[in-house]
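Enquirer: Dumping the structure here so I can ask a few things about it.
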């Protein structure tokens, strides 16, 4: 008995201990910086009347338990035993308690402190806590861009909306960053905007690779809170119409014995909504999970569109036949996708657009099942809710689908009846399954659909059984609630025979915080109502618990809220649903429910057709997604134990005995899903060949070998160009394999079109399709923010595009937060309109055919009158205004041809007008750019102005009369006078001009090294202006422009960065030591301006250390510049110069090592510098360095503070080589060196002579010398002399010769000007006098250094005028002359060493020759007829379009018969002769023939394949720039195709030039012309258009054509009255020559009748006469002519005048003696002789 009583006493004591009072502490498991922390404190099992008081706060257990927040008091009683507190987390407290210093375990402790814990519960301390994860994230950000996709080179406009945790506007400062497609940060900006809407823009570099860019925003003090938006960058042009491919069923059902129907609809509509009439070409293929595409042969089809629509069906037999060719069967299709491509050709304009369908899956079932919302824990004895979501195989919810559930239970009832229920409209089904008591496991087999159902299995287990029972949460209405609705939840305890707890306690959690807490008295069925407001959207957790016998029992449930509207209101309304016309105004009404800022933007919906489907505009779905990202819960709810339940919903919990472990990460653990990867083994020759190579690199090399070039090369020749040996073998093997396939294909083909078609199908397997479309007006507009108080009506004027605009609106309100409106669509359309296409440019007197297309979408036929409005400078039919009558049937389109001949070199506005009999009509105005004949030529002269030297106070600048100058061409001498003030070179006209110094170099900026010219000179200028505080002397916007230029340069250079921190001239190349060092040096100086990452610069420095050799020198595996010719007493100094260059970069790079964590790497860098200094010192001591190597070595040793003896040796060596003449000191070539390629430059013979312009290498060398002197001696006499020479080497626009010399000269001069800065006033007075058209004219310039303006002046003079200059004042200055004019012919002596040759061939002739060289005579374009690119062609077969689009820049379909666009083949050959070497890269700049554009696909092949022929290419208007690494001694030729976009006749020769990039004075320039006997050289015009074009042409008079009818003395009237000639000669024609767009006739004077300027004219002298090629005048060599006219402005090589023959010239053939002896002509001959005698003797008697 005693034992029994003892056991009963012990049990009672144990039970009483279980029922002891407890303090429960609840909190979100994550603490966010600056965001109030919601805390729940509950008093459990307290005695009646008990009161507990205390505080809650946060502390850092890793930092002496320092408090991280203020204390928050609480009071608990037995009646009010659950309180909800808000605990502030200020940034200042978090910082002071050391939270920011936590790195490995960012944990913080939530503590409840109360004496009750110690006094009543007898704990050792008065505290109880739980550990939380600390995160610095807070708030919400939404980033919006003005477009979803951009072209490289376009400007991106974006907005950032900043909101706090409550979705209200935040005014805290933001950090906005931009990442490029390779994940590199290219822009960082810290901003603060009181409106909470930050707006900015930036320019995407034009050399950017295609890919996805990202704009991210975060609070400056909470860097973990990061929200971003993505946008796509790709080369595109907007489509004119959109093609859609819509399958009848979004999936294809396939099983072992079944294949579902394959039916697809093709629809084509213009962007403004109207259907397209034309033809569709459709083809099919298979896609595996990796996206590998394999076409299904034989399924291609051609369809005619009716009302813009067509339909395609594939039968099982057709598909099986195509699969057999791939050795596949129908069951093999599961897991693959059916690729469908459609190309639609519009009938009226022949334009082509395409679409692809890549999401058409072969599936075993029509549906998919998602059971993720179903709990994984059951409550025995309570209903279990199965929540399933059924989707169609293509993704959307599937309504009204039967769902069958088979249930297997453990325990006494193993199986329950099958349950069947149909899905609701959202594709959801909710089934309550009654679970008997005692069930421990539930197995569910769920199937959706009756035929070929989707099946899913789920096993659910009960939590471990206990004496405290289970808590069941049941939803009577399981559907998702909406905002403003109430959710009812029933609570029930299960498994308790006798429940003793009085209350259920519950919490509602949403977005990572406890929204509310409460309790409900326990009943048989306890109901809790939760009102759903905006704070609970888009989902919330309901958590309930009770304590029984001291044990917590809990359960939870996630409730998804149906996504609806925003908390506030924003509605966009347009005035009606009517269509608008371009240029109309529209009224846009903005409706809100409170005062708000509304951000607007309108985007062309055509962009959605161009961009990826993943880049969508901001909408409320994205807003809810961001809001839900703060939700800390994982899964649908429930758990094995109370702590697990709390942890699963994102709660931290402690009751003193139990607690939840600290959360590890912010995100939920991801479920691992088994993914079956399926690939298709296609037994095709090409696939087999590719399959022979395992590595991706070898496969790429093989793919390149399979690709055919746009020029003739054998496989062996191609393989020899592949640099990597590992790539060379697969490349050669695959190239030879492809050639054998082509030969085999030719042998098996019957010939003609079929043969070409087969080749096309084989070739298209070798590369991905390039889809390019044509441009059509603006892409976005209406980018503005305005304040709206409930209603605002905005009148907007619509752009000229005919398209559908989508207007987006986002509002931000202080009371309602952010709201994204449903976009408003606005269609801009004209039922009748016309479309005009113009070439990029055309030359004067070329003939242009315009073909405006008239579109009629009315229901009636139209007769339209179409004309081109008269405009000066254009020859038009009837002088302009002469109309053509065109019949345009309803619903059709018609082209109308017009012929135009430009006669003036200018930009003219060409207006095409179409009028109908009713109010129907349209007009389009576009600018036609007309250029002069020949090529532009520029030359510069630089004079030093020194009023302190009496010899230099007056000087004369001679005029220029180049014999090569084009007659009637504009020619001028521009004169710029500057004082000796740095602001001229560095200011708003120099390095800080809108385009920077780089824009003045007249050089391209395509490679990595060239890109630095956007950055380095601007940094030098900014550094000078910051140091001398002179920004105020420049225009106010100059500082902003400098920041913009620096940001652009930084973004651009990041495109060349590799993952290891190194840089390459091209991303496809190996990294360059020299370029990497150059970037490190510049970016180290630009850290503050660009916001670059120091860690990235440290990576760059680390890479450079790996390039150092054992002796301390550096080597370059892929040099950008070859400096082995730069001079030196013996041999090459390249290694020395490179080592010094890297040392300089590393020294500057030490600025990036401020962080203590990088100290070890910093010491390695310093050790590397010391080692390199030792190497450089040894080379300097040997005394064998050339000037360039000596200068850079001296500067490097001085900069790094090397041992003084090494510095002295280097200094002395350098000064020995200096050349000093007058006040100038510089370093050029060393005359004793054998490796110099430039002869010494002499100083001017006298102070009034122009300064000779030195080559780029001399300027760079002298710049290093100046930097060395400034570091060693400061501003002294030597530095003054060097700087004086350097300043006078700058070009007219402020730059120097090339990139390196410009960068270094600007760097050196800015350092000099900082050292020599003075506030002393300087004056320079200059008087310039010259003879002008209206007599002698003088200009007086007074330049004062204290004036903001007036630092420089620019004047224009006639090219031939002599300019007298007088100088006064107390300051030196510079006078620069820029002469510019157009030339007939390229005469350049450098062509003796450097050569370029350009030939243009008709594409058919080229194809024949190419095929002959390939030993095959086919090509898919072989069916072209004749050699003339303008000749009629045979009809185009459908599949040729798919290959053809790769070769066309524009998406223009081939036309039939006379409408076929001509295509030509360009061949560009370069080589060098003699021993001349280049410093490195050479650039060929080819100006295309008028109307042509290069085929980008051809140019891409030259640069992107393994056998690379060109490093890079650029297209700029009519120019194609090709970058070559070097110029060989033998001819190196590359080829590409070009397509004529607009018909042009009488095409004039165009120019081409090749030059050494680093020494541009080494160049060769040539003209080239169109193919002989080509239509390009024929006349297009007719009638009065031709007469107008020839209006300026001379008329040739036949011998004695008027006979005796000379009573009016018409010869004498022409000579003396109108036009009154200035010369008269009787000449004999010696020869005829072609000069650019002119013909030159060399003649011998027989008799001088009259002269004005030509005082030296005499018998037997020669004179040249020029006439335009477009004129029909023809003078026969050997015959004599009487020629009279006006004096010319040009001279020949001997200085004698040459004359232009035009409409004011008299040309009469002299009669032969035989003709004059005839009786009929004897008198007429006498009259002619009398005129010659009288005019030569007496002249004009008036």
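Easy rule for this one: first residue shown is 1, then count along the chain.
Backbone N, Cα and C atoms are what each Cβ position is placed from, and that goes for glycine too.
Copied straight from Swiss-Prot:
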type: SIGNAL; residues: 1-19; note: signal peptide
type: DISULFID; residues: 68-97; note: disulfide bond
type: DISULFID; residues: 634-668; note: disulfide bond
type: DISULFID; residues: 701-727; note: disulfide bond
type: DISULFID; residues: 702-734; note: disulfide bond
type: DISULFID; residues: 715-735; note: disulfide bond
type: MOD_RES; residues: 1414; note: sulfotyrosine
type: MOD_RES; residues: 1418; note: sulfotyrosine
type: MOD_RES; residues: 1420; note: sulfotyrosine
type: DISULFID; residues: 1469-1533; note: disulfide bond
type: DISULFID; residues: 1581-1586; note: disulfide bond
type: DISULFID; residues: 1593-1671; note: disulfide bond
type: DOMAIN; residues: 1593-1740; note: domain 'NTR'
type: DISULFID; residues: 1616-1740; note: disulfide bond
type: DISULFID; residues: 1716-1725; note: disulfide bond
Enquirer: Do me a favour and check the Cα-Cα span between residue 1469 (disulfide bond) and residue 668 (disulfide bond); whole Å is fine.
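Expert: So the Cα of residue 668 (disulfide bond) lies 62 Å away from that of residue 1469 (disulfide bond).
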Enquirer: Take the C-alpha atoms of residue 701 (disulfide bond) and residue 1671 (disulfide bond) and report the distance between them in angstrom, rounded.
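Expert: About 54 Å separate the Cα atoms of these two residues.
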Enquirer: List which of the disulfide-bonded residues 634, 735, 1616, 1671, 1716 have their Cα within 10 Å of the Cα of residue 702 (disulfide bond), in sequence order.
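Expert: Within 10 Å of residue 702 (disulfide bond): 735.
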Enquirer: What is the interatomic distance between the Cα atoms of residue 668 (disulfide bond) and residue 68 (disulfide bond), given in whole Å?
Expert: 27
Enquirer: Using a 10 Å cut-off on Cβ-Cβ distances across all protein chains shown, tell me which of the disulfide-bonded residues (668, 702, 727, 1716) has the largest neighbour count.
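Expert: Counting Cβ neighbours within 10 Å, the top one is 702.
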Enquirer: Can you name the residues of this chain that are 6 or more positions from residue 715 (disulfide bond) yet have a C-beta less than 8 Å from its C-beta?
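Expert: Long-range Cβ contacts: 705, 732, 735, 736, 739.
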Enquirer: Whole-number Å distance between the CA of residue 734 (disulfide bond) and the CA of residue 634 (disulfide bond)?
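Expert: With distance taken Cα to Cα, residue 634 (disulfide bond) is 52 Å from residue 734 (disulfide bond).
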Enquirer: Tell me, roughly as an integer, the mean pLDDT over the domain 'NTR' (1593-1740).
Expert: 86
Enquirer: Tell me, how many other CB atoms lie within 10 A of the CB of residue 734 (disulfide bond), whichever protein chain they belong to?
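Expert: Looking across every protein chain shown, the total is 26.
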Enquirer: Validating a neighbour-count step here. Other CB atoms within 10 A of the CB of residue 1740 (disulfide bond): how many?
Expert: 12
Enquirer: What same-chain residues, at least 6 away in sequence, bring their CB to under 8 Å of the CB of residue 97 (disulfide bond)?
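Expert: Looking at Cβ-Cβ distances below 8 Å from residue 97 (disulfide bond), excluding near sequence neighbours, one finds 59, 60, 63, 66, 67, 68.
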Enquirer: Run through the domain 'NTR' (1593-1740) and tell me, per DSSP, how many residues are helix, strand and coil.
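Expert: Per-class counts: 28 helix, 52 strand, 68 coil.
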Enquirer: Among the disulfide-bonded residues listed here (634, 727, 1593, 1616, 1740), which has the Cα closest to the Cα of residue 1533 (disulfide bond)?
Expert: 727
Enquirer: Given the disulfide-bonded residues 1593, 1616, 1671, 1716, 1740, find the one whose Cα is closest in space to the Cα of residue 727 (disulfide bond).
Expert: 1671
Enquirer: If you count Cβ atoms within 10 Å of each one, which of the disulfide-bonded residues 735, 1593, 1725 comes out on top?
Expert: 735
Enquirer: Would you mind pulling the DSSP three-state label for residue 1533 (disulfide bond)?
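Expert: It is in a strand.
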Enquirer: For a quick check of packing: other C-beta atoms within 10 Å of the C-beta of residue 1469 (disulfide bond), how many?
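Expert: Other Cβ atoms within 10 Å of residue 1469 (disulfide bond): 17.
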Enquirer: Using Cα coordinates, what distance in whole Å links residue 1716 (disulfide bond) and residue 1616 (disulfide bond)?
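Expert: About 26 Å separates the two Cα atoms.
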Enquirer: Can you figure out which of 634, 1616, 1725, 1740 (the disulfide-bonded residues) comes closest in space to residue 1671 (disulfide bond), comparing Cα atoms?
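Expert: Result for residue 1671 (disulfide bond): the nearest of the disulfide-bonded residues is 1616.
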Enquirer: Which whole-number value in Å describes the distance between the Cα atoms of residue 1725 (disulfide bond) and residue 634 (disulfide bond)?
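Expert: About 112 Å separates the two Cα atoms.
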Enquirer: Non-local Cβ contacts of residue 634 (disulfide bond) (under 8 Å, 6 or more apart, same chain)?
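Expert: Looking at Cβ-Cβ distances below 8 Å from residue 634 (disulfide bond), excluding near sequence neighbours, one finds 648, 650, 668, 669.
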Enquirer: Pick out which of the disulfide-bonded residues 68, 701, 1533 has the most other Cβ atoms within 10 Å of its own Cβ.
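Expert: Top count of Cβ atoms within 10 Å goes to 701.
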Enquirer: Whole-number Å only: compute the distance from the Cα of residue 1740 (disulfide bond) to the Cα of residue 1593 (disulfide bond).
Expert: 25
Enquirer: What does DSSP say about residue 701 (disulfide bond): helix, strand or coil?
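Expert: DSSP assigns residue 701 (disulfide bond) to helix.
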